[in-house]
Each structure stands twice: as structure tokens, then as C-alpha cells.
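Pulled from TrEMBL, these are the features on record:
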{"type": "REPEAT", "residues": "142-176", "note": "repeat 'PPR'"}
{"type": "REPEAT", "residues": "177-211", "note": "repeat 'PPR'"}
{"type": "REPEAT", "residues": "212-246", "note": "repeat 'PPR'"}
{"type": "REPEAT", "residues": "247-281", "note": "repeat 'PPR'"}
{"type": "REPEAT", "residues": "356-390", "note": "repeat 'PPR'"}
{"type": "REPEAT", "residues": "391-425", "note": "repeat 'PPR'"}
{"type": "REPEAT", "residues": "426-460", "note": "repeat 'PPR'"}
{"type": "REPEAT", "residues": "461-495", "note": "repeat 'PPR'"}
{"type": "REPEAT", "residues": "519-553", "note": "repeat 'PPR'"}
{"type": "REPEAT", "residues": "554-588", "note": "repeat 'PPR'"}
{"type": "REPEAT", "residues": "589-623", "note": "repeat 'PPR'"}
{"type": "REPEAT", "residues": "624-658", "note": "repeat 'PPR'"}
Amino acid sequence: MDEPSKRLTKALLKNSRNPKLAWQLLRRTLSTPNPTPLPHHSIHALTRILVRSHMLPEIHTLHTFLLSHIHPLPCQYTLIKLLATSGYIQDAFSLFRSTRSLHPPPPLHLYNFLIHKSLKFDFPHFMSWFYKDMISASISPVTYTFNLLIHGLCHSDRLTDARQLFDVMPHKGCHPNEFTFGILIRGYCKFGLPLQGLKLLDKMKRMGVCPNVIIYNTLIASFCNKGDVEVAERLVERMREDGLVPDVVTFNSRISALCNSGKILDASRIFRDMQIDEVFGLPRPNVVTFHLMLQGFGDKGMLEEARTLTESMKKDDIFFNVQSYNIWLSGLVRNGKLLEAQTVLKEMSENGVQPTIYSYNIVLDGLCKNGMLGDAKTLMSLMINDSIFPDTVTYSTLLHGYCTKGKVTEAKNVLHDMMKRGCIPNKYTCNTLLHSMWKEGKISEAQQLLQKMNERGYGLDTVSCNIVIHGLCRTGEVDKAVEIVSEMWSHGSAALGDLGNSFMSLVNEDDHGRKCLPDLITYSTIINNLFREGKLDEAKKKFVEMMGKKLYPDSIIYNTILHHLCKRGKVSSAFQVLKDMEKKGCKKSLRTYNSLILGLGNKNQIFEMCGLMDEMREKGISPNVYTYNIMISCLCKSGRTEEAISLLNEMLQKGIIPNMHTFELLIKSYCRTGEFRPAQEVFDIASSICGHNEALYALMFNEFLAGGEILEAKQFLDTALDKRFDLGSFLYKDLIDNLCKVENLEGAHDILTKMMHIGYGFDPASFMPVIDGLHKLGHKHEADELAERMLEMVSEGKVGNKAYQNYRELNHTKRSKYGVDGWQAIVHRDDGSAAALKNLKRVQRGWGQGSVSSLQTPKNDILDD
């Protein structure tokens, strides 16, 4: 190198921290009439300075100079390589193309280098271009080239192209090595296709290429993640047969898969074997192994085992890190041990492990989900005292907790506090509050929040729109919701401006707004509510529109349509939808079968219903209590109660717990045909499962009474009184009336006395049959005493007949001869009863509530009832 070149290089290096001056020095040299050729290392030094300072135009100028003054190609390739190394792939590509237009192709290693950098910085189209240029220049690729290309294609989700390139390799004179196979196998496993990877492993062995531990671990982990533990275990054995020793990564994959599939005891067995290294020769567990087991125990609710493991980890000095504590906290919270979780959180600081914001958020989330909002607020204060400031997740969790409890005002206060502390709410935060406001019916506040979200630039998304659409449907404004969905396709979130509020400034058609498009949830909501309103044709149009927008229905939408069609008796249409559903690859679920069975039940097609039940069992779908109730209801209506009882027995054998509706169907069916003994047997089963509750006793009492089993009905009422049940659903007045008719005044009198003694508030009209009966028997004194007790009850306000009237309407029973409105009608009796007239005079003189008019319930109260 001559002296001027040395001086130039020295000057450039001296001004490396002043790149603009270094560039000026070079420009002065280049502008001389006969510029000195620049040495390679000077160009290298200057290019590094320019790249480091992001002076890209200057680099392009330098490259143009090198091309025009016929410098050696390595100088130009240096510029290209340094740009590519620094991530300026587009500039490197531009310089490469201009160089190629004037010079022969570069060597293979530069192509490989540029393909590698294109892959690293995620420019797959440049990678493809370099490969095509290399082939057109008749430069033969090597195995390493193909490895880079296959890796890039897999990375770009072009697995089919990667496989085609792999198959082409032998035709290009290249043979796959263990890295080629490993890259493609990893690509298959990444896409959840481990069976394809397994086939490649077989091909690998046929071609004489030995697999390594990494390839086996990749396949084992993939099969484990899919839950195919048996295949993974066979691969471990095959690995040993190939002379490879499974390492800790292999065992961790197996343990992780077993824990995820709920086989925690099997995972624990492997873990224990790993700990006894000297006997089995297995790899020792590492921290990842311990964490997997700790999380597995927590997920399975095996807290004692988890506690033992934490103690073991503490002894081995591997527990004292934040990740271990966080896993343990998650396990405690997941199993409802919130007090213990708070204790562990305090213990962290005592043991020299500083809790992170994530640690606090774990416990805070558990407290909020369990409604312990006061404790959550206290924990947040402790965080701040520990100089750990709440983040968006913290505030969003607390806000969601308040919203879940319906405490919208408190949630808004959390949002204000969040913003006051400089913590920016995200879309999830705002959408949570927005959803709660719509749910609580605070529509104007919800619309104001929408405006603020837009003004503050949070960007309303599809979730926001779906919340509004769902809220409008809930408030009966389905047509408005449909309009918004239509507008979303052209205006995005700006469609919410159509809500018609003058203060809303949402009509902003920026690019972000246009991206806020309807999704499957949007259409599911609209279609469901159109069906609910009986607008079947409009619902079908929306379904067709959705398909036209390339939104293909999922099982939820299909099941929604099936449910409504079956509910409306359009069973043939439902089965046509079912065919389309299965054609689109959506499998029948429990909800699908329940809808179809309901539809067939409405048509009384019992044979077809049984066929569907059999099909469910064959496909491994267990019927639930709703399925059985539909079947039992249909059988009972058809008078096939014994077959219905068989289904009850089947439910009990399979551990499916019947509910009150199940027993109600069976009891009513037996009582309707006068089979009271079997009804009593069903009652005994029901009481053992549902407990001795009011609804069950009311059902038996009313059904036995309606069937003329008066004494048995009285026994049920006596038991209900002993248990202090609410008598709102009991037809006790009809029982008293019937007892009086069969001249069992003593029994009727006993019921009244018992009810008054316990302190029940009931309809005083119940006294009248007994008072009349006593008068007819000449027991005037007892009749007058009972009449006085009746009026005392009225004066004390111990009256009630609302539930009684409702129940009679539901069961279509005859009204009492004492009138439509219960005790109020006593004063209107016109049958000449001396007792009634006497009581009326007492009331008119001011006894009890003072006047006849005051005894009558105001009309608006009756309407409210």
C-alpha cells in the first residue's frame, strides 16, 4: 500500500467517532482528477463507520464510485456484507443487483451469506431471489444452501415448498444431512404434524443418515404436546436402540406431556426415577423438571405433594428464585388457598426474593375472581409500599373484579386512578368496563365511554363493536344492531356513530377504523337474536351474507341455528342445516344432539330420539341431564312412564345427577294416572338427591291433593310446616276446603292453628270454610273465636295470596268458591251467611284496619302482582 493510501486510512480511522468528517475526507479524495485507488481495508473501515451512523445515502454514493472506478469486486462485496450484517437487507439487495448487472456472479459463499441474512431478518422474498439468481448463473448449490432455504421456507409457513425443495436436492447433486432432516422435522412438528416428521426419521435411517438427540427430542416433544404419550415412549426406546442416551430435555418433554394429560402419578414416577441417578443411570432433574412437577401438582390440586416438593427444592437451594415462587403461587391460587398465597408472597421478601409485578398479579387475580375485592385493594397498597407500581394488568384485573360484581361505579374509579397514575388503559380494560355498563343497563354511560376511548386514541376494535351489538340486542334494538354490522364493513368502528348520540364523535374513517370488521361472534350474536325475535328470513340472510364475506360458520353458529329451528318445530330444516354443518367439517356436539332431540320431542318422534341417543353413545358423547329430561318429558306425555323410569335408572348408574325438573316430570306423570305409590318412590329418590326442599314438597302436596289423596296431602303439608317451608306454592286453601267438605273440620282447624302458631302470613280467606262448618255444627263460640283471629291477622298485615294465585293459574285448577281475589272477596260475599255479615259489621265499625275500603288491595298492587 502506497503512502497516500496509508495516510487516508489512518485519517479515516482517526475520525471514526466523527463519521461526517470522515466522509468529507473521503469525498475530497474521490473528487481529485486522478483519485488514488482505495485499499480494501480502508473501504472496510469507512463502511463500518457509515453503517454504524446509519449514513445509507453515503454508502450508496461510495458504491457508485467503486463501480465507476473499477475497484476490485471484494471491495463492493464488503459493502454488501456489512449492510446485510447490520440488517439493511433491502440496501444490500439493491447494491448486489447493481453489481451483478456489471460483473460476473459472486462466489457461492456470498450467496449463502445473503440467503442466511435474508432469513435472519425476515426477508423471505429476497432469499428466494438470491437462490434463483444463483441457479441462473449456473452456480451449483451445496447442502448448506439447501439447509438455509428449507429453514427459511419452514419459517415462512411454506412447509409444502420446503418439502419439494428437500425432494429436489438429489437432482442437484446434494444429499441431505442430519441438519437437513432436523430442520424439516422441526418444521413438521411446529405445524402439529409429527407423523410426517416420523416418516422423515424412517427415511433418514434408510438413507444411512444417523439421527441425533435433538431430532429425537423434537419428535418426542411434539408427540407429547399432542397427547400421544405412547408414541413418545416408543421413540425413547428407539432412541436407546440407536445408541443415543435420552437427556434431561427428553425426560422433561415426557413429564410435561404426562402432567398436561392429567397423568401426574406417571410423571411423578419418572421424576422420582431421575432423582435416583446412581441406580438407573438417568439424567438428573434440572430446575425445569422441578418446575414442571410443581405446576403439575398445582394443576391437579395435589397441594400436599406440591408442598413436599417445595421443601425439597429449598433444601437443594433451587427454590429461591422468582419463577419457582410464581409457579407455587399460581398453584395455591388455582386451588383457592388465597390466604396461604398471601403468606407465601410475604415469605418471598423475607427469603431475599423480591416479588415481581407478575407475582402480585397472580394473587390479585385470585382475590378478584373470588370476590375478595377489599383484600385485592389492600394488596395493591402493599405493592405500592414495596415500590412495585401496578401495571395495566393489575388495574384491569381489579376493574374486571368490580365489573363482575356489578359495581360499575367502583370500576370507573379504578379506571380514573389508573389514568391518574400514568398507567395507560388498554383495549381489554376499556372493553371490560364497556361490557359491564351495557350489562347493567347504563347505556348512556357506555356510550360516553365509547366516545372517550375514541378521543384518547385507544382505537375501538371488533370486541368493542361486539359488546355494543350484544347490548343493543339485549335492550331489544336488534334492528339497530343489524345496521351497525352492515356499516362496519365499510366504516369499521365508525359505524358505532350511528347510535345517534349527538355527543359521539366516532365517525372517523381512518385505516384503523376500516380494519375493525365483523367476525364470527358478531354474526353469531345477530343471527341468534334475529331467530329469537322470530325473524327467520332475516337471520338466514345474515347467514348467507356472512358466508359471502368469507366468514365461514363454526359449530357455535350452526348449533345456534339448529337450536332455534328445532325449538320452532322446523325439524326437517334443522336436519338440512346439519348436513351442511357436517360437510363443512363441524362435528356434532352435545348441544347439537340436544337441539335435535328437542325438535324430535316436539313432534313426539320417540323412535328417532332414541336413535340419536344411541348415536351419541357410539360417538363417545355422554348425554347430560338436559338430554334425559327431554326424553323423559316426551315419554311421560305419551304415557310411557315406565320407560321414563328406566332412563332415570340409567342416569343414576352413569353418575348423571337428575334435577328437580326430572323428578317433577315423573311425579306428575304417575299422579296423572293415579299411581301414587310409584310417585312416592320417586319422591324418596328425589329427596335423597335434591334434599328435603320446599319445591319438592309443594309438588307432592299439590299433585296428591289434585288426585284426591287428601290425607296424604295433609301429611306433606304437616311436614312442610314442621320444616318451616314457605307455603307460597302450596294449595293449602284447597286442602282446607276439601277437609271441610269431607267433614274433617278438626283436621282443617289443626292446619289453621298450626300455621298461626308458627307465625305464617297467609290468606285469611282460608278461615271461611272452617268458620262456616263450625256454624253449621252449632259451634258458634268456636266460630266467633276463629273469626276474631282472622281479623287480627288482617290488622297485623299477616296476609299473602300472590304465590297461591300464580300456582293455581299454572296448574289450571278450579278457583275457590270464595272468589277470585282471596281474602279481599270476603267482604263481598252474598250467600246470606250470618258469620260473614257479622264480620263485615265489625270491620265497618273500625275493627282491624278500620274500613272496607282499606281491606281491598289497591289496583296498582294487583297489577304489579
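Note that the numbers count up from 1, one per residue, in the order the chain is shown.
Placement of Cβ uses the backbone N, Cα and C atoms for every residue, glycine included.
If you look at the repeat 'PPR' (624-658), the same-chain residues 6 or more away from its ends with a CB under 8 A from one of its CBs are 590, 593-594, 597-598, 601, 604, 606, 609-610, 613, 616, 665-666, 668-670, 673, 675, 678, 682, 685-686, 689. Per-residue confidence over the repeat 'PPR' (624-658) averages out at a pLDDT of 93. Counting same-chain residues at least six beyond the ends of the repeat 'PPR' (142-176), those with a Cβ under 8 angstroms from any Cβ of the stretch are 108, 111-112, 115-116, 118-119, 122, 124, 127, 131, 134, 183-184, 186-188, 190-191, 193, 204, 207, 209. Long-range contacts of the repeat 'PPR' (391-425) within its own chain (CB-CB distance under 8 A, at least 6 residues past either end) are made by residues 357, 360-361, 364-365, 367-369, 371, 373, 376-377, 380, 383, 432-433, 435-437, 439-440, 442, 445, 458.
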